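In what follows, a structure is listed as structure tokens, so that the remarks can point back to it.
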Amino acid sequence: MRAVLTWRDKAEQCIYDLAFKPDGTQLILAAGNRLLVYDTSDGTLLQPLKGHKDTVYCVAYAKDGKRFASGSADKSIIIWTSKLEGILKYTHNDSIQCVSYNPVTHQLASCSSSDFGLWSPEQKSVSKHKSSSKITCCSWTNDGQYLALGMANGIISIRNKNGEEKVKIERPGGSLSPIWSICWNPSREEHNDILAVADWGQKLSFYQLSGKQIGKDRPLNFDPCCISYFTKGEYILVGGSDKQVSLFTKDGVRLGTVGEQNSWVWTCRVKPDSNYVVVGCQDGTISFYQLIFSTVHGLYKDRYAYRDSMTDVIVQHLITEQKVRIKCRELVKKIAIYKNRLAIQLPEKILIYELYSEDSTDMHYRVKEKIVKKFECNLLVVCADHIILCQEKRLQCLSFSGVKEREWQMESLIRYIKVIGGPAGREGLLVGLKNGQILKIFVDNLFAIVLLKQATAVRCLDMSASRNKLAVVDENDTCLVYDIHTKELLFQEPNANSVAWNTQCEDMLCFSGGGYLNIKASTFPVHQQKLQGFVVGYNGSKIFCLHVFSMSAVEVPQSAPMYQYLDRKMFKEAYQIACLGVTDADWRELAMEALEGLEFETARKAFTRVQDLRYLELISSIEERKKRGETNNDLFLADVFSYQGKFHEAAKLYKRSGHENLALDMYTDLCMFEYAKDFLGSGDPKETKMLITKQADWARNINEPKAAVEMYISAGEHAKAIEISGSHGWVDMLIDIARKLDKAEREPLLMCACYFKKLDSPGYAAETYLKIGDLKSLVQLYVDTKRWDEAFALGEKHPEFKDDVYVPYAQWLAENDRFEEAQKAFHKAGRQGEAVRVLEQLTHNAVVESRFNDAAYYYWMLSMQCLDMAQDPAQKDAMLDKFHHFQHLAELYHGYQTIHRYTEEPFSFDLPETLFNISKFLLHSLTKATPLGISKVNTLFTLAKQSKALGAYKLARHAYDKLRGLQIPARIQKSIELGTLTIRSKPFHDSEELVPLCYRCSTNNPLLNNLGNVCINCRQPFIFSASSYEVLHLVEFYLEEGITDEEAVALIDLEAPRHKREGKWRETSSNNSQTLKLDETMDSIGEDDPFTAKLSFEQGSSEFVPVVVNRSVLRSMSRRDVLIKRWPPPLQWQYFRSLLPDASITMCPSCFQMFHSEDYELLVLQHACCPYCRRRIDDTGP
């Protein structure tokens, strides 16, 4: 139960009493010395009524709605009409305390401090009766025969309608417990009149008309000021000094709070025949609430448990319609039912019940366990040995002793949970979340299994009987059905609020919505019928439907889905549907359709249902013939048609199956001689060719194709024989003809090959093409039938067909989303333009989808493709420009992948130094236009954070300043603003440990280099590691003019000895890498190294002076110190000299990217390939 505030108003004086007009449209309030009339629909003050001279204490409306009365401290009573006009006024000797109209005679009882009076419209005077104490409250019984008076001395006086006392009830406590409010239960279903009494001894009690107390006093723990029943008497409202209105059952069990106020509640009433409650307070507040009583229930198969009267639980057997009531005498908060278990959550405990016996119809429950703990949960589920509590995003699994065994934390709010069965203690749960995620949880497993994730929130779930399909109703009222194994959305239907699978049929489900019940079988259209309520279960032909608070079992005929299956010739499925419940006529229709579809097993079962022995005998005979080896289905169907009286259809099938004699016998037996003569043969096949041809024409005209074919062959008319055989699909006859023909007869052989292709016999077609030597047609055949291996083999033997094979193959690969293979196939076919176009599209898609590693790889492949195309002199310059451009983009995207992962994903495993190096590399590389997909914001944000973390405060401040000029996403806006402020507190310089060193001139370069990734002193370009992006200790050098690459390698390989110390470099070369490593006794490069002299340059020059070496320098170099990028022509090889002896560098022989050896080995172990060009370690060539 929850209370929703509809409207609220504030009067200037205390609200002592109020009354509803019986039709509920108006509300009369006693506020100060006036009456206030409100419209209950929106809280509009209609009119204030003046007439009293002092505070109005009470007001009451007559049951017929014609009059209402008010009593005041000015000792007067005013009678008002429903038109808000005062018509009568009379007085007492003291202030008026309460008034009440007789519900039958409309007699008015008015009570003061010393007496009470009875007035009716028929009498002119008011009969008054003295009272021994101050009367505080009064109430008439339902039949209007008795009036109960509550007094300040703790006595309740029950009088007849003439004022004579009949019963006197003395409350314990006497005058210390004044009676402050009383009310008779208005229910007509109660056997006795029941009076509810609230006194200032802070007790709530109940009495019969005889004065006998019902049950014990109920403690309230506050001074009650008002008590009021609901219209049907099922609930009680009590308000008072606790500044709130409490809801009780008619037995006095507290259920909850309607509304908390800021002052004492002096009066509260229920709007007639509704769940609206109005509250009047000491401070003049009027609050109008709507009470919403939610349905608390649980369902498992044919057992349905629901809450009744808020404190009882009723278990209903939906098949037998038996019901059993379990009285809890406390507020029932949650109910869960599963097999023989029933769990009921009360405010301070959970009760677990079990059935007495294993009988499926047993309805006797007994308490199995009690968990005496208070739990707060949204959903409750019971299993064989556990209780599952759902709290927002968390699930807790408790044993029946209350011990928490397991807990699951979800990503989003849990919207739906259902037990889907399983062994005791290992049951499975189906859980639907608000974020659209659907999980399966086993109570003995800590890890949830994600079944699928959809975009919309889950409202309802159900799993099919075999657990292969999942039906989901989302917040858009759409029913979606998924294949659990493939996650594929099978179909979806609109206007659904609940869904249930048939427990006896895998492919049937029903869902409700929009006032209709929808039944869907497989993927067929929905069958609808009108039905109000929510579908909660589907068992066989019964659908369990919940409407408001009532659960009912609806019998639904299964004819419609059965005929849907029959239309698709799905006979076995149609039989399964029929077993759920159809008529005899439906069974016969199913049997006939199955028999015509040659589904004899289904037909036999269906005919058995309708006990048709004649057709059962036919089915038995056909099955016996099939056991003997007969396989001609047309012949079987012809027999079926003849049994059904469809003689002409039977004759056609006999003819089609080659058993014209059976048709002849059939027509003869039926004395249908006119039809029988159509099956008579004529002519002698041994006559002349002309006669045979005419006979063949006649046979063809009378639909005797086989005979016609044989005759045409005998007559040498092969073309006509092939035409007839091909049109009838006789492949065996066609291949016989083709094999008998000479290879010189090209036209008929080509006709045979054409028919073979049409009849899906590519092997025979290939044999025919080979026979006539038509290799081009054979290649086309292989391509059309996707027999690529044969096509490739033929292309290798005959290169002139290579283009005819690889181009269609590449197009087929592209159509099947195998783009990388398609690109290679285009390349192999010499279609460079298509190959490049495929790569460009792949690259663009990778960038758009933020797959930057793939983008880098595709750009590298593009560059190598362009380098290959640059061998054409006409395209050399353009292709080399593209090569360098794509190489540059590949390096950018390769580095940016790490930045993207760091900024977009919740966790990053990259070192701060790596992130710092990459972002600095990108910053210096993005001096011009920024490529698509690369975010300067992310790059600068990463650089700023890592610079600050590593002590490069000056660079961090520069990055934050740059960010101020860019459009920042909202998710990192606060982080950047905070970083911009905090960086100001740091010193304005960078850590010396981070400053990059030029290995040529030993100059310390600033972190922010206006020249980009080159030395500011000597302009020597930096060589970066492709993994950590640290500056490598390499210097590129160039060969003196006249020295070829082969001569240079030969000079380097001479390895002239060094006299100072032994050279200790060790080189490891393989197909996968070229590695320099240092032996333990390695000495640094001496000052007498000729290469060192070549590193010098002219100071102060702004031009880059490359290092150029001659033969003597090359001869002095050790092969172990040199790395060579052996680019294919027209590019020149690139040479690099290692200047530090204490670090090992590895270069990939395919993409020529440099790595620290340890990094490269780790990355190759992780990916089994080069991280840059994806060259696998088991590849033998570069």
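Cβ atoms here come from the backbone N, Cα and C positions, even for glycine.
Swiss-Prot has this to say about the protein:
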- 10-50: repeat 'WD 1' (REPEAT)
- 51-91: repeat 'WD 2' (REPEAT)
- 93-129: repeat 'WD 3' (REPEAT)
- 131-169: repeat 'WD 4' (REPEAT)
- 174-217: repeat 'WD 5' (REPEAT)
- 219-258: repeat 'WD 6' (REPEAT)
- 260-300: repeat 'WD 7' (REPEAT)
- 453-492: repeat 'WD 8' (REPEAT)
What does DSSP give as the helix, strand and coil breakdown of the repeat 'WD 8' (453-492)?
0 helix, 22 strand, 18 coil
With Cβ-Cβ distances below 8 Å as the criterion, list the same-chain residues six or more beyond the ends of the repeat 'WD 8' (453-492) that contact it, or say none.
415-416, 418, 420, 430, 432-438, 498-507, 509, 511, 513, 523
Counting each residue once, how many in the repeat 'WD 7' (260-300) are helix, strand and coil under DSSP?
0 helix, 25 strand, 16 coil
Mean pLDDT across the repeat 'WD 2' (51-91), rounded to an integer, is what?
93
Would you mind listing the long-range same-chain contacts of the repeat 'WD 1' (10-50), meaning Cβ under 8 Å and 6+ residues beyond its ends?
56-65, 68, 70, 72, 74, 80, 82, 84, 86, 98, 266-267, 269, 271-274, 276, 278, 280-286, 288
